[in-house]
């Protein structure tokens, strides 16, 4: 019964995590449409990529015992494809300065994962120690992934606008972290449960902030064409007023 319940929670966790990993599709559709990364940061997607790499490796039989963490491996494998795609789109439309920033973070992340996977595969010779090693690093990466939206939280509090903190992203983050917390506790796996002790409260915080500031509207930058047209209309109005005054005198 316990294993079936854990598997059911894992399947639900997979569904919500897939929605979470897919949520930025709307963001990057906007980036592609406007051909600009605007105020978006690539850091959360790079951290999410590292998290997916580590937990895919953690869920495979090389680290875990057989397929005890099969749901973890499958969803994070899909997450790798999605997060890597988002990073590529960001790089395509980012400025040269932003591309350099992304490269400075992304290259060490790939190197770090390569070293961790090679060390756990060839230098550690039992599942328990491999899980402890990879899981410990995964906890840090996962906590950083759930904590990365704090950048957006800070921006929301400063601008009093939720434009760059979409509701669906915050909601799916809360839902996924809550389900994986239960999954980890049912399997007595603290390497899965512990980072979600951070993720779930942070998800609640984002939802509360969204409810506080959503009625204040979205801050928008005025279109240059609209500004020019408004200036032109103002000039025409001034000329008409001047002419009308002259006729009266």
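Using the three backbone atoms N, Cα and C, a Cβ is placed for every residue, glycine included.
Automated prediction, rather than curation, is the source of TrEMBL annotations.
So that you can see what the record holds, here are the features copied from TrEMBL:
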TRANSMEM  6-28  transmembrane segment
TRANSMEM  40-58  transmembrane segment
TRANSMEM  70-93  transmembrane segment
TRANSMEM  105-126  transmembrane segment
TRANSMEM  132-153  transmembrane segment
TRANSMEM  165-186  transmembrane segment
TRANSMEM  192-213  transmembrane segment
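Counting only same-chain residues 6+ beyond the ends of the transmembrane segment (6-28), those with a CB under 8 A from a CB of the stretch are 40, 45, 48, 52, 70-72, 74-75, 78-79, 82-83, 86, 89-90, 166, 168-169, 172-173, 175-176, 179-180, 182-183, 186-187.
Within the same chain, residues 21, 24, 27, 31, 64, 69, 72-73, 76-77, 79-80, 83-84, 86-87, 90-91, 94, 98, 101-102, 105-106, 109, 112-113, 116-117, 120, 131, 134-135, 137-138, 141-142, 144-145, 148-149, 151, 164, 191 sit at least 6 positions outside the transmembrane segment (40-58) and bring their C-beta atoms closer than 8 Å to a C-beta of that stretch.
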